[in-house]
Amino acid sequence: MSDQIIPLPATAEAAAPVPVTNPNTRKVFIKTYGCQMNVYDSVRMGDALASEGYVTTEAMEEADLVLLNTCHIREKAAEKVYSALGRLREMKKERAANGREMMIGVAGCVAQAEGEEILRRAPAVDVVIGPQTYHRLPQALQRARRGERVIETDYAVEDKFEHLPKTEKAVIRSRGVTSFLTVQEGCDKFCTFCVVPYTRGSEVSRPLAQILEEAQRLVDAGVREITLLGQNVNAWHGEGPKGDAWGLGDLLYRLSEIPGLARLRYTTSHPRDMDDRLIEAHRDLRTLMPYLHLPVQAGSDRVLKAMNRRHTAEEYVRLIERIRSVRPDIALSGDFIVGFPGETEAEFEDTLRLVERVRYAQAFSFKYSTRPGTPGAELGSQVAEEVKAERLERLQALLLKQQQEFAEGCVGKVIDILLEKPGRNAGQLIGRSPWLQSVNVDAKSSQIGDIISVRIIGTGPNSLFAERIER
Ligand code: 5AD
Ligand code: SF4
């Protein structure tokens, strides 16, 4: 589905660099825009290129190949890509003047949606490759090296996951103790504002055996927490070992049996696909973290209908109540759009009221952005830009207040955190709370990958402070 996408802070570079041994090795710089699905895809593209002798670098200046893994969800995202391509064109020219080659590739959803248009608008681009075809990247680059400008945006008939090389354990280890694992792609919901069904195609679930194998591989390499990804992850379905129909809840029960896998998460979900089994998983599984990203988008039933969300505000609130009744400590996160065509002030206030009722720990909110080709773009009554901006400001003030209240409510609590990376000062480590907050703690005798008990003693702008306790 869905509302798949939690925007990452600005842009996240993909995989951690692999140590360079051969000075002649080709280097690839991958810049990732958009959602976690793209972060996962960037990592896998890095894997595909590793088999061609590329290593990833975090320094664009030293890259032989610059790959932009793009997002098309809002208008500005595509424009950002075109301006980045303008800068890269200059860089490529300078390189050529110094007798050194630099190739440019565009991957992801802008590649899928714009195709030929990218080659037309950005003459320096060598390869355009869609989200379903990136396993063909090595061949596409070979063709580009022979002078062709390559487009690979067909929905591949073969399964890309079957064709991608398995990630080396040492490489997985270098990426840390948490990992994404895509289990589902595409969306059949057709919310009227959203390009995803057109860029990522219809819903496809990866088979159970493939997911279990990848999860086991991650755990064998030291991963302690896996976040299952899908545009509409809770629509995942597969065949169980006895040929029975499995949903995401069943998959979570099965994954929680993997020894050493301490934590599970999943994102993003659609309210219509939160079935009983999944809610039971939240009740029963201690490995399943009490955090749920469940976008609602708006609080007015008329707007929800116009968005083709297929649920009312009341149904959403009742669903949250059911989930909270079995897992009272669950933290809720959501996505919101303000200024959908025709949204009145009173309808916007319905969104504020819904937020007041639900109380979110975290949220992402956006001004409606017209996406050509979606039904929303055909609607008359577009809301004025200033009105959208003013509504967004009010909504974000309320969401920020709730986020702070949630963080302050954590102070004094004793919780387990998964240590993920070194902190700023010696002896300090940064861990992750069950509710996805960063937690700073002095934990000299502990290691990254450990789960330790801490007491939360304070809040910062984007993180919590804690002291270690023995339990
Ligand atoms: N305009 C604004 N926000 C959008 N989103 C998706 N499409 C649009 C659009 N056209 C938001 C939704 C979705 C999140 C990933 O991005 O809130 O859940
Ligand atoms: Fe999510 Fe709706 Fe877009 Fe599907 S169409 S990805 S459910 S916002």
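Note: Cβ is positioned from N, Cα and C throughout, glycine not excepted.
Unlike curated entries, TrEMBL annotations are predicted automatically.
Just so it is clear, the model here is predicted, and its values are computed rather than measured.
Here's what TrEMBL has on this protein:
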type: BINDING; residues: Cys35, Cys71, Cys109; note: [4Fe-4S] cluster 1 binding site
type: BINDING; residues: Cys187, Cys191, Cys194; note: [4Fe-4S] cluster 2 binding site
type: DOMAIN; residues: 26-146; note: domain 'MTTase N-terminal'
type: DOMAIN; residues: 173-405; note: domain 'Radical SAM core'
type: DOMAIN; residues: 408-470; note: domain 'TRAM'
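Feature map: TrEMBL annotations on the structure.
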{"residue": "Cys35", "record": "[4Fe-4S] cluster 1 binding site", "DSSP (3 states)": "coil"}
{"residue": "Cys71", "record": "[4Fe-4S] cluster 1 binding site", "DSSP (3 states)": "coil"}
{"residue": "Cys109", "record": "[4Fe-4S] cluster 1 binding site", "DSSP (3 states)": "helix"}
{"residue": "Cys187", "record": "[4Fe-4S] cluster 2 binding site", "DSSP (3 states)": "coil"}
{"residue": "Cys194", "record": "[4Fe-4S] cluster 2 binding site", "DSSP (3 states)": "coil"}
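Among the binding-site residues Cys35, Cys71, Cys187, Cys191, Cys194, the ones whose Cβ sits under 6 Å from an atom of ligand 1 are, in sequence order, Cys194. For the domain 'TRAM' (408-470), the model's average pLDDT works out to 94. Annotation: no binding-site residues among Cys187, Cys191, Cys194 have CA atoms within 10 angstroms of the CA of Cys71 ([4Fe-4S] cluster 1 binding site).
Neighbour counts were taken at the CB atom with a 10 A radius for the binding-site residues Cys35, Cys71, Cys109, Cys191, Cys194; the maximum falls on Cys109. Distance from the CA of Cys109 ([4Fe-4S] cluster 1 binding site) to the CA of Cys187 ([4Fe-4S] cluster 2 binding site) is 13 Å. Checking the binding-site residues Cys71, Cys187, Cys191, Cys194 for a CB within less than 6 Å of any atom of ligand 2 leaves Cys187, Cys191, Cys194, listed in sequence order. Put simply, Cys194 ([4Fe-4S] cluster 2 binding site) is 12 Å from Cys109 ([4Fe-4S] cluster 1 binding site) when counted between their Cα atoms. The Cβ of Cys187 ([4Fe-4S] cluster 2 binding site) has 27 other Cβ atoms within 10 Å, all protein chains considered. A gap of 18 Å separates the Cα atoms of Cys191 ([4Fe-4S] cluster 2 binding site) and Cys35 ([4Fe-4S] cluster 1 binding site).
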